[in-house]
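Colleague: Below are the structure tokens for one structure; questions will follow.
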Amino acid sequence: MNIPEKTIERLSEYRRTLLSCHEQGITHIFSHVLAGIHGITAVQVRRDLMLIGFSSDTKKGYDVEVLIDFISGILDNRSVVNIGVIGMGHLGQALTKYFNGRRSKLRIIAAFDVDPQKAGHEIDHIPCYPMERFEETVEQLDIKIVILSPPTAVASELVVPIINAGIKGVLNFTSMPLNFPRGIFVENYDITTLLEKVAYFVKEAEES
Ligand SMILES: NC(=O)c1ccc[n+]([C@@H]2O[C@H](COP(=O)([O-])OP(=O)(O)OC[C@H]3O[C@@H](n4cnc5c(N)ncnc54)[C@H](O)[C@@H]3O)[C@@H](O)[C@H]2O)c1
């Protein structure tokens, strides 16, 4: 199924909202309510769900549990996907603490660092390996995705080891946008770019 990146992002956001509805005991939700929560139109929600083949809109709205399962069937792998963190500093540790346990099919299982105080030890229940053991550990532990949170200055040095290790997806938090060959999906996430974008639209709103 060829689903645009933006639709995948929205599906993940819808699921987060639906899970929270489910926890509150809400069993059905209308497309315009889901749309309102996400600041988009009901047409967009219906278009996204039609694209993935979901069409069971009843008089009561979408069945929350059924829709969670349907979106999970699209987003999730059948088995758990193992994730490694490169650079177990402030951000690496914060991400690991925040994320683990939130999604049953995605699990941070290892960290990698050059600092001898960290490598060879467990940090927040995650074993931290030295970078020299990166490739062999990725293979042994079947790690498919890495989160990159080392200093920006070393980010580009990590591209070749990541390719050689057979990693399939990279979430890059450093300030250096990275490119990988086809077959490796990369998402560059930079807080400065995002804040500048917000600041730009605040400025535009103030000036208009
Ligand atoms: N995208 C964002 O929103 C965002 C927010 C904060 C920080 N950052 C970026 O995240 C990165 C980490 O920030 P931090 O505050 O956690 O820094 P930090 O100094 O606390 O952590 C960096 C870690 O990387 C390790 N490291 C150094 N060289 C390495 C290498 N070659 N291979 C593997 N590990 C290595 C260090 O030993 C350290 O543990 C920086 O690039 C920073 O710019 C991004």
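Using N, Cα and C of the backbone, Cβ positions are placed for all residues, glycine too.
This is the feature table in TrEMBL:
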- 13-52: DNA-binding region (DNA_BIND)
- 74-177: domain 'CoA-binding' (DOMAIN)
- Gly87, Met88, Gly89, His90, Leu91, Gly92: NAD(+) binding site (BINDING)
Colleague: Excluding near sequence neighbours, so keeping only residues 6 or more apart in the same chain, what lies with its CB under 8 A of Met88 (NAD(+) binding site)?
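Modeller: Counting only residues 6 or more apart in sequence, the Cβ neighbours of Met88 (NAD(+) binding site) under 8 Å are Thr96, Ala111, Phe112, Asp113, Asp115, Lys118, Ile123, Ile126, Cys128, Ser149.
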Colleague: Determine, for the NAD(+) site, the additional residues of the same chain whose CB lies within 8 Å of the mean position of the CB atoms of Gly87, Met88, Gly89, His90, Leu91, Gly92; present them in sequence order.
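Modeller: In sequence order, the nearby non-listed residues are Val85, Gln93, Ala94, Leu95, Asp113, Ser149, Pro150.
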Colleague: Here the binding-site residues are Gly87, Gly89, Gly92; which one has the lowest number of other Cβ atoms no more than 10 Å from its Cβ?
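Modeller: Relative to the other binding-site residues in Gly87, Gly89, Gly92, Gly89 has the fewest Cβ atoms within 10 Å.
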Colleague: Over all shown protein chains, what is the count of other CB atoms within 10 A of the CB belonging to Leu91 (NAD(+) binding site)?
Modeller: 17
Colleague: Between 0 and 100, where does the mean pLDDT of the domain 'CoA-binding' (74-177) sit?
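Modeller: Per the prediction, mean pLDDT sits at 95 for the domain 'CoA-binding' (74-177).
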Colleague: Do you know the DSSP helix, strand and coil residue counts for the domain 'CoA-binding' (74-177)?
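Modeller: Summed over the domain 'CoA-binding' (74-177), the classes give 37 helix, 31 strand, 36 coil.
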Colleague: What does the DSSP secondary structure composition of the DNA-binding region (13-52) look like, as residue counts for helix, strand and coil?
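Modeller: Residue counts in helix, strand and coil order: 29 helix, 2 strand, 9 coil.
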Colleague: Take the Cβ of His90 (NAD(+) binding site) and count every other Cβ within 10 Å, whichever protein chain it belongs to.
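Modeller: Taking all protein chains shown, His90 (NAD(+) binding site) has 9 Cβ neighbours within 10 Å.
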